[in-house]
Amino acid sequence: MDFSSNGKYLATCADDRTVRIWSTKDFLQREHRSMRANVELDHATLVRFSPDCRAFIVWLANGDTLRVFKMTKREDGGFTFTATPEDFPKKHKAPIINIGIADTGKFIMTASSDTTVLIWDLKGQVLSTINTNQMNNTYAVISPCSRFVGSCGFTPDVKVWEVCFGKKGEFQEVQRAFELKGHSASVHFFAFSNDSRRMASVSKDGTWKLWDTDVEYKKQQDPYLLRTGRFEEASTMPCRLALSPDTHVLALATGTSIHLFNTRRGEKEECFECVHGECIADLTFDITGRFLASCGDRAVRLFHNTPGHRAVVEEMQGLLKRASSESTRQRLQQQLAQAQEALKNLGALKK
């Protein structure tokens, strides 16, 4: 799954040789319409929107490569989907674990389960090959700010590189930026916050961690650990993670269950069990942070982010006590009322 950067669409891909584009404004309606793109003679295992939402890329299961689809808007409001004539060249030697397009539109990343992460230009030329030296990769992703690519694997750390471009937009090099060090076993998964200034990780050591990565790494400054929470399930099963855009909520998925944590207090707030008929394959918040989406069988499930609204209530109540000016108080009061109203409408207001 992937949400478009303008928040209007959700793309999903499945073994039925289709990619479906759903309109997020239908989420709370009874009917959910989707537009279908067919993947000829193959099926997609991963899908990612381009930053301008006029194209998307998929990873082909049998072709073992990237294919680009252009999205052309029709007069009736729908889209025509056209695959570009040439797929990317085959370069990976192991199964692929993730793909991504930088928000700047300057590069594409593909990562495989050996120790390889490739940085490509948009035409299919490899700009750089990263060897993560982590025995094997379990996950890799581009940061929302497009400066960084991170990876995790068998080793107990998350490694982050900077992808450097020149003043005229030409690619220069990939260099080591910083590492998240503190777990005592291999790291299953990690995520960047929307502004790339925070990161979250979950490890086989049975903990999740929230980090402040807004550091001057060029002066050898290391990220700060902000919070550690217990999550025993991660010590026995693979685990996926999603961080809400405001970093207030951490969603962790193991097997067919989803657990939601408040990152400020480190406490578990919600648990949804047997969400899908098969293991959860993907987990992501929409760009507003109001919804959490998960997939794992033939359906996508959407959840209201009630812990997110509760975190806003707590934060506003704390800020109100310290507010000095009347205009600040009014603004905080308004945000507090909105969050409380949202919880009330969802029947989730704690007495």
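Please read every residue number as a count from 1 along the shown chain.
Backbone N, Cα and C atoms are what each Cβ position is placed from, and that goes for glycine too.
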*coiled coil per TrEMBL - which of 126-153, 294-321, 322-349*: 322-349
*Composition by DSSP (helix, strand, coil) of residues within the repeat 'WD' (1-23)*: 0 helix, 13 strand, 10 coil
